[in-house]
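Asks: To start, I am sharing the structure in question, which I have written as structure tokens.
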């Protein structure tokens with residue numbers, strides 16, 4: 001077993017990533033969570049944090065790491081991950097990154113995107129273009145100056161649209177050229193987990209029902225009672241934000257909110273798989289049928 005390897009285990013929400021961790025041998029590996037909501041303290045149920053039982057079987061990092069009022073971002077994740085990797089390598093343990101945030105996996109592999117600073121003059125110019133001409137105009141301009149970035153970007157992500165144009169107007173170089181990076185770590189084993197979509201839909205429905213049965217409503221009432229609200233970064237997670245909508249629209253029934261969580265979760269699964277399918281050199285497995293192959297790949 002090579003102890004200098006780094007393992008990625010990724011897949012969409014509810015695919016069964018945590019389930020396979022119970023089969024890992026104790027003491028030879030630790031998990032680094034790649035999740036933008038599990039990182040927050042107190043937001044437990046809808047984020048589907050690993051159970052106490054699982055965390056006693058294999059240590060998890062970046063779970064219950066941050067207070068809910070603070071923004072979690074790629075920079076924090078990357079910095080903390082590098083420290084954890086270094087520590088685990090000193091202990092001759094395997095770092096295993098587990099989660100569903102494809103954006104974080106991508107930049108852990110290739111490094112943080114680097115682009116030059118932009119002057120306030122250029123920033124104001126692009127923002128004024130957005131105010132006067134709208135998002136579609138900026139998208140068309142991005143298509144003209146950096147088609148590669150235009151094809152890859154979420155076309156509703158106005159922050160990254162503006163940022164891409166700012167870099168181009170500042171330097172005359174497409175931001176896509178700045179984002180091309182070499183692998184930051186050697187010997188990465190990338191394991192993808194997937195199931196048929198009808199199976200995923202059924203698992204999502206069961207998961208949401210289990211959230212309600214486990215006391216999600218009481219957890220949200222408690223969080224609101226502590227002063228957290230829609231401005232709290234942790235409330236952006238699926239399963240939390242829908243209940244904030246319910247609070248502002250009392251005409252909604254509980255079943256409407258449950259159905260909305262299921263719908264949003266399934267749409268998120270589709271977006272996750274679209275992103276994951278673009279990652280190179282991934283070994284894909286069904287988490288139930290291929291467990292032995294997964295274990296051999298990591299630990300043999």
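Sequential numbering from 1, following the chain as shown.
Even glycines carry a Cβ here, placed using N, Cα and C.
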Asks: Could you check which of 31-34, 35-38, 39-42, 43-46 is flagged in Swiss-Prot as region 'Interaction with substrate tRNA'?
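Replies: Checking Swiss-Prot against the ranges 31-34, 35-38, 39-42, 43-46, the region 'Interaction with substrate tRNA' one is 35-38.
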Asks: What are the other residues, in sequence order, whose C-beta lies within 8 angstroms of the center of the C-beta atoms of 13, 14, 15, 16, 17, 18 at the substrate site?
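Replies: Leaving out the recorded residues gives 11, 12, 19, 100, 193, 203, 287.
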Asks: I'm trying to understand the geometry here, so how far is the Cα atom of residue 11 (ATP binding site) from the Cα atom of residue 101 (site 'Interaction with substrate tRNA'), in Å to the nearest whole number?
Replies: 9
Asks: In the same chain, which residues outside the set 11, 12, 13, 14, 15, 16, 17, 18 have their CB within 8 A of the centroid of the CB atoms that define the ATP site?
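Replies: Those within range, site residues removed, are 100, 193, 203, 287.
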Asks: Which residues, sitting 6 or more apart from residue 17 (ATP binding site) on the same chain, put a CB under 8 Å from its CB?
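Replies: Residue 17 (ATP binding site) has long-range Cβ partners 9, 10, 11, 98, 99, 100, 193, 287.
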Asks: Fill in the CA-CA distance, residue 13 (ATP binding site) to residue 101 (site 'Interaction with substrate tRNA'), as an integer in Å.
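Replies: About 10 Å separate the Cα atoms of these two residues.
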Asks: Between 11, 12, 16, which of the binding-site residues has the fewest other CB atoms within 10 angstroms in the structure shown?
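Replies: Output over binding-site residues 11, 12, 16: least Cβ neighbours within 10 Å is 16.
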